[in-house]
Structures are given as C-alpha cells and as structure tokens.
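Worksheet for the structure shown next.
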Amino acid sequence: MGDPWEFAVHAINGRWFSVFASFLIMAGAGATYLFGTYSKDIKATLGYDQTTLNLLGFFKDLGANVGVFSGLLAEVTPTWFVLLVGSAMNFAGYFMIWLAVTQKIARPAVWQMCLYICIGANSQNFANTGALVTCVKNFPESRGVMLGLLKGFVGLSGAILTQFYLAIYGTDSKSLILLIGWLPAALSVIFVYTVRERKPERQPNELRVFYHFLYVSIVLALFLMAMNIVEKQVDFSKAAYAGSAAVVCAMLFIPLIIAIREDWVQWNLKNQDGMKPATETTVDRALDIAPEVKSEVSKDKEEKAKESCFVSICHKPERGEDYTILQALLSMDMLILFAATFCGLGGSLTAVDNLGQIGESLGYPTKTIKSFVSLVSIWNYFGRVFSGFVSESLLVKYKMPRPLMMTFVLLLACVGHLLIAFPFPGSVYVASVIMGFAFGAQLPLLFAIISELFGLKYYSTLFNCGQLASPLGSYILNVKITGHLYDHEALKELAKKGMNRSSVKELICMGVQCYRVPFIILSSVTLFGALISLVLVMRTRKFYSSDIYKKFREIHGVS
C-alpha cells in the first residue's frame, strides 16, 4: 500500500490536480452573470425603479472588477488565505441579499443592498487571484490556453449554477441567491490547500493535455445549451432537473481523470529517473549555471537598490520584462488598455445586466428571458476558450499581436448592441449569443496581454488593476445613460396614461424605444474602443513579432 499512498500524495500536490481544483473553483465564480435572472425579484420585492436596479448592478460590477485588494493580499499571504477570505465574503454578501429578498429581515436601505452585492461580487476576485494567477504562474508557456479554459469555466458557471438550483430548489429564483451564497464558498474551502504555486516544468505534451480539458468543457457547454433549449420547451419534474444536474456534476469531474493520468505519467518518469545516476554532463551544466545565475541576481539587486522608486518609474524595462506595479500602471500601454476596457467591457456589462429587462420590454415571456441569460453564459464560455486557444495559436504560429484579436472582438460586440437597438423577431436570441461571446472573449485577452507586456512578478495585482476600467465604464454607460434613458421612456408611457411615478410600485417600460438610444450609444462607444485597441496593436507589433516565450524555455533548460 506504500506506492498507492505515495502516488495519491504526489497527485494531490501536483500541478495537474491544482488545475482540476481551479476548474471547479472557477465553475462557481461566475455568480455575477446570473444577476439578470434574480434582479427581477429584487426589483419587485424592494420596489426599485430601473435606475436604482442599475445602480445595484453597478455595485455588482464594481465589486466583481475591483480586485486590487485581493491582488495585494496575494502578494503578502499564501493562496489558501486568499481563497478563505473570498469564501467568507461570498457567503456573507449573497446571504444578506437572500434574507432581504425573502423578507426575513427588515427592508435594507439602498446603500446596504449595494454594499451586500459589492461584497458578494468582490469575492470572485479572490477566487480569480487564488486559482487563475496561480495556474498562469505554474504554466507560463501555456498562459493563453490556461486563461481561456479557466475563464471559460467562469463563463459556464451561470448555466452550471442554474442546473444545480433547479435540481435543489425547483423554479424559485429567490433560492438561486441562496445557492450562489453557499456553493462557491464551499468549493473554495474544499480545495483551499491544493491550489498553490509549483515549480513550472514544461512537458512535451502539455498543449495536448489542455486540448483534452477543452474537449470535455465543450461537451459540457453543448449539454448545458441542449438542456437550456429542452427546459424551455418541456416542463421538467424535479427528478428530471436532478438527473440533469447529476450529468453536469459527472462532466465536471472528468478533468480529474485527465489530471490523475498526467500525474501518473509524471510519477513513473520521476521514479525511473530516480533510479538512474546523474550524468556528468547534467551535473557540470548545473555547476556552470549556478554561479552565473547567482552573479546576475546579485548584480540586479545592487542596481535596483541604487535606483529610487521614482527613478525606476521613469526608467521602465523592456516589454515582457517584470515591471513594478507603478511602472506598469503609469505606462502608456496600460492606459490604452484601460481605455479599450472602459469602452468594451463597460458596454458588454451594461448589455448583460439589462438583458432581463430588454426581454421584458420586447414582450418575451419569463421562461424565454431566463433562456437569454443562459445563452449569454454558455456563449460567454465559447468566447473565452476561443480567444484563449485561438489567440495563442495565432501568436505562436503567425506572431499575430494579441491586441489585434481584441479589436476584432470589440467590432463583433458592436453588432450585438445594434441588434438590441434595432430589434426584429428573434433578434434577442442572436444578440445574446453575440454579446455573450464578445464579452467572454475580452477577458482572457486582457489578462494575457497584461501578463505578456508587464511580466508575471506582480501579476496578482496587475491583472486586477487592469480590469478597474470595467466598473467605471459600467457606471457611466449603465447607470448614468442606460438606466436614466429607460426610466425616461417609462415615465413618458405613464404620462400618456395620465399617471405619475407614485402611482406604480415598479417602473416598467414596454416597446422597442426603451433601449434604442442607449444601445446606439453603447455601439458607438464600443467602436471607439476598437479603434483605441488598434493603437496598442501598432505599439506592440514589434514585441509580438519576437519569441516572447524564449526566456521561459531557457529557464526550463529547453532550447
């Protein structure tokens, strides 16, 4: 029994089991994308108008995207602590919202609801920082596909959590809030000690393994899409929902088999190598390299010690080297990324958050509106894995700058916005697919670009700083523009009926005019973001034409 036990310990401590654990954590870290499903309950129970609901949506986006605290915490504490903090915040935030919506506590003030949802949504940054950043550092030469897969599971999490809530609670959408309070928190606690940094070791078949993970996730996504269609057409019993959730659960654990297989291969190779004496060449090479590396490290430390903080900000390293946090934040490349993210992700978040009300204003039934939310979640996944795998392939084979794909994705998002502004029968289905795909594709590209331009040393903080523009864009585009214009149209409808705001509890707008002007504005802003990202393409084309992964191969001893 000695060998099986030793292998079990080896597997649990291995990089591949850490990847599997990260997949499950990420599969529960996308609760913010379900806002469109339960926002109607918040609006109806607490009597909010659309502007107030959009304000709540802004604080959700603020919490989901302001991850600087989790990044800074990860710089000075172990990964398990980051995951535990996120777990506690997730449960506390969403549990308080559930208590308010089910009227188990006195009606909270608007600022309290904003605080609750901000805390709950902010917890996903701790899951991202703990799992995503760790995996990127463990697999630096496969960061594009790694980011695509992990963010892909986040994209699927909305549809995954929906299947579980239907199986456990039935069709009570208020109970969905309770589920997203305890389930993601439980996943982080269960795998809290298995997700941590390991020494990166390049495997010859590493990309093939990631493609195996991809195939499993695609089958899962297709199953979720099929269930979304069938559940819309057929009235499911609770047993049928339970069967669907069981299939989803089984598919989520298939990556564990792949991870164990890879760890078994590595286990056997290490045992074989352990029986062979070290060759003279290997020992000599190690002895030759050690003094050289030590000398270079000492020299770097001496040079850095001579430079003051402000001098180092002005003397930025080459692209691809390790920037300090201030060097990166004050660089022109980061400012351009910030502007493109403000336009692109800000517009996409606005569209996703308003999807429930868009369907309602165009006269779609409640069941169909929920299918729109699931479509966004599923195509969010396809956008993430597509941008991760395809951008990585184009970068390696053709030296295509990753920001160029960002430009194409933003142009696609413009099309989705225009389909809402000028709807036709069934157009919201197409718009849901396009908006979900474009929204999902932006995130892995943003995170990969940041890691490539500014290095991995302070990646925990920098990738969280990089998405700060998203909630700012969401606030201006969602609360100040979309929510305000929606309420303006709704008040005009009331005035035509000889009524005013005090006459109704819930302010509702019906008709194509409700979202036409806001989404024309969103389309224009996103187009501007695409043009801005083209500037970054021109600035970085020389960098991306070089071998950006060469230094990692040299570290691993691969020529």
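Note that the numbers count up from 1, one per residue, in the order the chain is shown.
Every residue, even glycine, has its Cβ placed from backbone N, Cα and C.
Per-residue pLDDT, averaged across the domain 'Nodulin-like' (15-260), gives 88. According to TrEMBL, the feature domain 'Nodulin-like' maps to 15-260.
The feature domain 'NFD4 C-terminal' is assigned by TrEMBL to 330-545.
Within the chain carrying the transmembrane segment (16-35), a Cβ under 8 angstroms from the stretch's Cβ atoms is held by residues 57, 60-61, 63-64, 83, 90, 94, 120-121, 124, 127-128, 130-132, 134-135, 138-139, 146, 149-151, 153-158, 160-162, 176, 180, 183-184, 187-188, 191, 194-196, 198, 209, 213, 252, 255-256, 258-260, 262-263, 266, 352-353, 373, 376-377, 380, all 6 or more beyond its ends. Summarising the annotation, TrEMBL assigns transmembrane segment to 16-35 (among others).
Feature annotation from TrEMBL assigns transmembrane segment to 80-101 (among others).
The feature transmembrane segment is assigned by TrEMBL to 147-169 (among others). Residues 22-23, 26-31, 33-34, 37, 124, 128, 131-132, 135-136, 175-176, 178-180, 183, 210, 213-214, 217, 220-221, 224-225, 227-228, 231, 236, 238, 241-242, 244-246, 248, 252, 370, 373-374, 376-378, 380-389, 392, 436, 440, 443-444, 447-448 of the same chain lie 6+ residues outside the transmembrane segment (147-169) yet bring a C-beta within less than 8 angstroms of a C-beta in it.
The transmembrane segment annotation in TrEMBL covers 175-195 (among others).
Marked as transmembrane segment by TrEMBL: 207-227 (among others).
Listed by sequence, the residues of this chain that lie at least six past the ends of the transmembrane segment (239-260) yet keep a Cβ under 8 A from its Cβ atoms are 11, 14, 16-17, 19-20, 23-24, 27, 160, 163-164, 166-168, 170, 209, 212-213, 216, 219-220, 223-224, 227. The annotation transmembrane segment is assigned in TrEMBL to 239-260 (among others).
Within its own chain, the transmembrane segment (334-352) has Cβ neighbours under 8 Å at 33, 35-36, 61, 65, 328, 376, 406, 409-410, 413, 416-417, 420, 431, 435-436, 438-439, 442-443, 446, 449-450, 453-454, 465-474, 476-478, 482, 518-519, 522-523, 525-526, 528-530, 532-533, 535-536, 539, counting only residues six or more beyond its boundaries. Per TrEMBL, the feature transmembrane segment maps to 334-352 (among others).
Only residues 6 or more beyond the boundaries of the transmembrane segment (403-422), in the same chain, are considered here, and those with a CB under 8 A from a CB of the stretch are 340, 343-344, 347-348, 351, 358, 383, 387, 390-391, 394, 428, 430-431, 434-435, 437-439, 441-442, 445-446, 449, 515-517, 519-520, 522-523, 526-527, 529-530, 533-534, 536-537, 540. Annotated transmembrane segment per TrEMBL: 403-422 (among others), in sequence order.
According to TrEMBL, the transmembrane segment annotation covers 428-450 (among others). Residues 132, 136, 143-144, 147-148, 151-152, 155, 328, 334, 337, 341, 344-345, 348-349, 351-352, 355, 358-359, 362, 364, 372, 375-384, 386-388, 391-392, 402-403, 405-406, 409-410, 412-413, 415-417, 419-420, 459, 462-463, 466-467, 536 of the same chain sit 6 or more residues outside the transmembrane segment (428-450) yet have a Cβ under 8 Å from a Cβ within it.
The transmembrane segment annotation in TrEMBL covers 517-538 (among others).
Away from its own ends, the transmembrane segment (517-538) comes close to residues 333, 336-337, 339-344, 346-348, 350-351, 401, 403-404, 406-407, 410-411, 413-414, 417-418, 420-421, 449, 477, 481-482, 485-486 of its chain (Cβ-Cβ under 8 Å, at least six residues beyond either end).
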